[in-house]
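Heads up, the thing below is written out as structure tokens.
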Amino acid sequence: MSNIHEHKILILDFGSQYTQLIARRIREIGVYCELWAWDVSEEQIREFAPNGIILAGGPESVTAENSPRAPEYVFNAGVPVLGICYGMQTMSEQLGGKVIQGVGEGEFGYAQVEVQTESALFKAIEDAVSETGKPLLDVWMSHGDKVSAIPEGFVAVAKTETCPFAAMANEDKQFYGVQFHPEVTHTRQGKRMLEHFALEICACAANWKPASIIEDAIERLKAQIGDDEVILGLSGGVDSSVVAMLLHRAIGDKLTCVFVDNGLLRLNEAEQVMEMFGDHFGLNIVHVDAENRFLDAMAGEAEPEAKRKIIGRVFVEIFDEESKKCVNAKWLAQGTIYPDVIESAGSATGKAHCIKSHHNVGGLPDDMEMGLVEPLRELFKDEVRKIGLELGLPYNMLYRHPFPGPGLGVRVLGEVKKEYCDLLRLADAIFIEELHKADLYNKVSQAFTVFLPVRSVGVMGDGRKYDWVVSLRAVETIDFMTAHWAHLPYDFLGRVSNRIINEVNGISRVVYDISGKPPATIEWE
């Protein structure tokens, strides 16, 4: 079996919204990489032993006092280094070049760079050719500051009209800097540049593939678990479903899946989960009906973070209780994925802020009696889905729209009550059904319904009704870090509204959320 971690790239994060995208692009190329905060120690880098290092972008100015710098060891480690945007600027400044603060002449958005000098990074890449026969590249810029003098040993590789050093290189040391963002799709040849860096310049083998990842995960699970038994909280979502299939392959009937019906699931979801994993795949599943327990625990609580923590705590309590029924259950498996780990870790410098606590990594008690098994903690969501397909899970389940770990607990605004959940389930099912019928479901990235704890006057026949309000939410996004509200057809929205008001007794008004992210988040809570 090939070692999927043998060749690897280290990405240092300076705070750019695009940093996770760099990691996903490197993984798509077939090379393992990890994303660390910029303030790592020499010892940590030596221990990781990367084949190459990428310095990512960031929002700060290299010219500002106390702005982040790459560890000096990065440039003495004897491996290729690629600086992107802020990463190029700090590389230049740290190696003896100069960076000047932008004064109203930054570049934001589409730009065309002209390649001046041959470089391993841009080998055989062009989108067009200039009048003088130089390759032109369509790229995406997002910078105010710029390099005004490159370090000794570097050459200017590319320029734009306002940026004389859009790319620089020291081919002897294999140090490269680009002022644009090769990781975004707007940079048309960006993936090829990253391929040149990872596969050719860093000489990494493309071992990071779904079948190899599965094989590696199964071997590691066997080594970690031994003859112990494992309990997994199976929700029917993508992450826990893929964990279930991996563990089933690794340890067979030593896996007990605990499916907790917390009363916060979608319509008929409990029945569907039991049918697929119990009847079809033959997993050992314990079905716990805990609706009242969750609702009682959340009674009177309206604050979103507190609700998330309560839901997480009650889940763990139930797992603890179920584990006591399995004499050898020493492990609790979770569907934690890599973005959860990144966002919850933050930086030692305190520059990362918690926007929402993650269901899988927040709220676990310190005295939890089981060890944690997290076979997906190295993987991005798109990788988890590809692995799920390889393991035989159905496409329509793996590519269903995201559903939050706390479920309807954060889609009912304020205090969660059974009545609200029941109404929301019915309204949401109508919305999703109509999206499928209109062939719109796969054209939006996420769609759902939110219950608003406000009443509104309505008229039904000759009678007046005073009932609840729901909001429809549909967004389009590539990475869920930014999103646009989906411009669904008016007649479609009208049809959904009419069906909900006529078929769901207790809802009198339907509204449509037209907020983007930012400033709003995709979920309301």
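The backbone N, Cα and C atoms fix where each Cβ goes, and this holds for glycine too.
For reference, Swiss-Prot has these:
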DOMAIN    8-207  domain 'Glutamine amidotransferase type-1'
ACT_SITE  Cys85  active site, nucleophile
ACT_SITE  His181  active site
ACT_SITE  Glu183  active site
DOMAIN    208-400  domain 'GMPS ATP-PPase'
BINDING   Ser235, Gly236, Gly237, Val238, Asp239, Ser240, Ser241  ATP binding site
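Positions of the features from Swiss-Prot, shown on the structure.
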residue : record                   : contacts (Cβ under 8 Å, 6+ apart)
Cys85   : active site, nucleophile : Ser16, Ala56, Gly57, Gly58, Ser142, His143, Val178, Gln179, Phe180, His181
Glu183  : active site              : Tyr18, Leu21, Ile22, Arg24, Arg25, Ile84, Gly190, Leu194
Ser235  : ATP binding site         : Phe259, Val260, Leu265, Val273, Gly335, Gly405
Gly236  : ATP binding site         : Phe259, Leu265, Glu269, Gln272, Val273, Met276, Phe277, Met397
Gly237  : ATP binding site         : Gly335, Phe403, Gly405
Val238  : ATP binding site         : Gly335, Lys381, Val384, Arg385, Gly388, Met397, Leu398, Arg400
Ser240  : ATP binding site         : Leu232, Gly233, Leu234, Gln334, Gly335
Ser241  : ATP binding site         : Leu234, Phe277, Gly388, Leu393, Met397, Leu398
For the ATP site given as Ser235, Gly236, Gly237, Val238, Asp239, Ser240, Ser241, which other residues of the same chain have their Cβ within 8 Å of the site's Cβ centre? Leu234, Val242, Val243, Ala244, Gly335
All chains considered, the count of other Cβ atoms within 10 Å of the Cβ of Asp239 (ATP binding site) is 21
Count the Cβ atoms, other than its own, that fall within 10 Å of the Cβ of His181 (active site), considering every protein chain shown. 23
Taking DSSP as the reference, which of helix, strand or coil describes Gly236 (ATP binding site)? coil
Along the domain 'GMPS ATP-PPase' (208-400), what average pLDDT does this model show? 86
